[in-house]
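I have placed the structure first, in the form of structure tokens, so that the comments after it can refer back to it.
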Amino acid sequence: MPAVKALLPTVSALLFSVAILITGNGLQWTLIPVRASLELFDPLEIGLLGSSYYLGFALGCLLGGHVIQRVGHIRAFTALTAVASTVVMIHALTSSPAVWWGLRAVTGFCFAGLYLVIESWLNERASNDNRGMVMGIYTMINLSVTIVGQMMLALGNPADFLLFALASILISLAAVPVALTASRPPARLLQSRLRPVKLYSRSPVGVVGVLLAGVATGAFWSLGPAYVIAFGADTAEVAIFMSIAVLGGALVQWPLGRLSDRCDRRIVVLGLCGVGVLAALTLALINIEDRVAISVLVAAFGASALPLYAISAAHAFDHINAEDTVETSSGLLLANGLGAIAGPVAAASLMGPAGPGGLFLATAGAHLLLASFVSWRIRTSAPVPREERSEFNLATTAPTMVALTPEEKEIVD
């Protein structure tokens, strides 16, 4: 703990920037699908907004490291926040779905680069003794301010300019603490080659788990606001609905991680899938008007869907050597991004014939597919012995940004 206290002042400016940045991003993540619904975008057009974001995000994972290589961490951070801030404002100037798709792709690219700067900086400052604690603090800041950003939707009318301006201001202000910090930025950033076939052969459940987690969460983030609006919710209720899901995931993330340290992680994944299927099917098929019941169900959905990435990733790390950590992180992130690209399109396609509940039919399908795959793997392969199992650690199981290149090399600031 003393080591963490000594470390925090050296990254306090960065963490302050993170809090401001993710607050703005949390606001725009909820605002944009709400505004799209008001502009009468159909479900597929709204779903493609999410898919476009994750496509840009995946490209940012691939190319963001080269931006940092050219200009350094601080300049990259300030440039990417400037672009991301500008893009938010452009949404308010046009109602063309095609333009919005392009804007969301640019936003995804920018945030991939921003997370790469943030998390490489934190990892460079942390040691093996305190990395889990540092990344745990970072993850809790991330989740907490996401809720704050979502609740800010109630401060204005999504049909007006105000909320777009507020999100843009927050993203712009995030550059100030980093630009003025006296702390030295990281001297280097490690990029990693990518060998997906090798990664899958080592941990099929890990790869399929993060892929289908991306399908479920990508669909929910992209179309959750449209789902609740279809039932007549106002902007405050939309914000509460989305925030409850995040809160549900945040509350169980660490306890479930610790539980998975003490048993076969695949059993934990299977349990999460079971809860996810039940919660999603209830939301999709049963007409529930009681607000408390809906809140409980969406909290259960968040508690099942949001930790899936972390537990699946931890299972993958149980099967690798220490020198393969960066490559494994990279491969899992890309698999998760690919799932998040497909998820909104699949859910939107179901929302056409099935109505708003099609969103949760899609997420239930993703959970059911994963449950079937994990059940098969449990029957056909032995669990990792407890003494060989890596400890659950948010430093390696949070969905962090790692650059991807054909060959491993160092980036020097």
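Residue numbering: from 1, along the chain as shown.
Cβ from N, Cα, C; glycine included.
Automatic prediction, not curation, is the source of TrEMBL annotations.
The domain 'Major facilitator superfamily (MFS) profile' feature in TrEMBL is assigned to 5-382.
The feature transmembrane segment is assigned by TrEMBL to 7-26 (among others). With a threshold of 8 Å between CB atoms, the same-chain residues lying at least 6 positions outside the transmembrane segment (7-26) that come near it are 77, 81, 85, 88, 111, 114, 118, 121-122, 125-126, 130, 134, 137-138, 141-142, 145-150, 152, 166-171, 173-178, 180-181, 183.
Sequence-distant contacts of the transmembrane segment (46-64) (same chain, six or more residues past either end, CB-CB distance under 8 Å): 32-33, 36-37, 76, 97, 100-102, 104-113, 116, 214, 218-219, 221-223, 226, 330, 333-334, 337-338, 340-345, 347-349, 351, 401-405. Feature annotation from TrEMBL assigns transmembrane segment to 46-64 (among others).
Below 8 angstroms of C-beta separation, residues 17, 21, 24, 28, 32, 35, 64, 67-68, 99-100, 103, 106-107, 110-111, 113-114, 117-118, 161, 164-165, 167-169, 171-172, 174-175, 178-179 of the same chain, each at least six residues beyond the ends of the transmembrane segment (76-93), sit close to that stretch. TrEMBL lists 76-93 (among others) with the feature transmembrane segment.
Listed by sequence, the residues of this chain that lie at least six past the ends of the transmembrane segment (99-122) yet keep a Cβ under 8 A from its Cβ atoms are 11, 14, 17-18, 21, 25, 28, 32, 36, 48-50, 52-61, 63-65, 67-68, 73, 76-77, 80-81, 83-84, 87-88, 90-91, 134-135, 138, 185-186, 189-190, 400-403. Annotation source TrEMBL lists transmembrane segment at 99-122 (among others).
If you look up TrEMBL, you'll see 134-155 (among others) marked as transmembrane segment.
Taken from TrEMBL, the feature transmembrane segment covers 161-182 (among others).
The transmembrane segment annotation in TrEMBL covers 203-223 (among others).
For 235-255 (among others), the entry in TrEMBL reads transmembrane segment.
The transmembrane segment feature in TrEMBL is assigned to 267-286 (among others). Distant neighbours of the transmembrane segment (267-286): 205, 209, 216, 256, 259-260, 294, 297-298, 300-301, 303-305, 307-308, 311-312, 315, 354, 357-361, 363-364, 367-368, 370-371, 374-375, 378; these residues of the same chain sit at least 6 beyond its ends, with a Cβ under 8 Å from one of its Cβ atoms.
Residues or ranges marked as transmembrane segment by TrEMBL: 292-311 (among others).
Taken from TrEMBL, the feature transmembrane segment applies to 332-351 (among others). Sequence-distant contacts of the transmembrane segment (332-351) (same chain, six or more residues past either end, CB-CB distance under 8 Å): 42-51, 54-55, 57-58, 61, 194, 196, 199, 206-207, 210-219, 222-223, 226-227, 309, 312-313, 316, 357-359, 361-363, 365-366, 399-402, 404.
Positions annotated as transmembrane segment by TrEMBL: 357-376 (among others).
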Please indicate, using numbers and ranges, the residues of the same chain that are 6 or more beyond the transmembrane segment (203-223) and have a C-beta under 8 Å from a C-beta there.
29, 33, 43, 46-47, 49-51, 53-54, 196, 245, 266, 269, 276, 301, 305-306, 308-309, 311-313, 315-320, 331-332, 335-344, 346-348, 351, 359, 362-363, 366-367, 369-370, 373-374, 377
Which residues of the same chain, at least 6 past either end of the transmembrane segment (357-376), have a Cβ under 8 Å from a Cβ in it?
43, 204-205, 208-209, 212-213, 215-216, 219-220, 223-224, 226-227, 266, 269-270, 272-274, 276-277, 280-281, 283-285, 301, 304-305, 308, 339, 343, 346-351
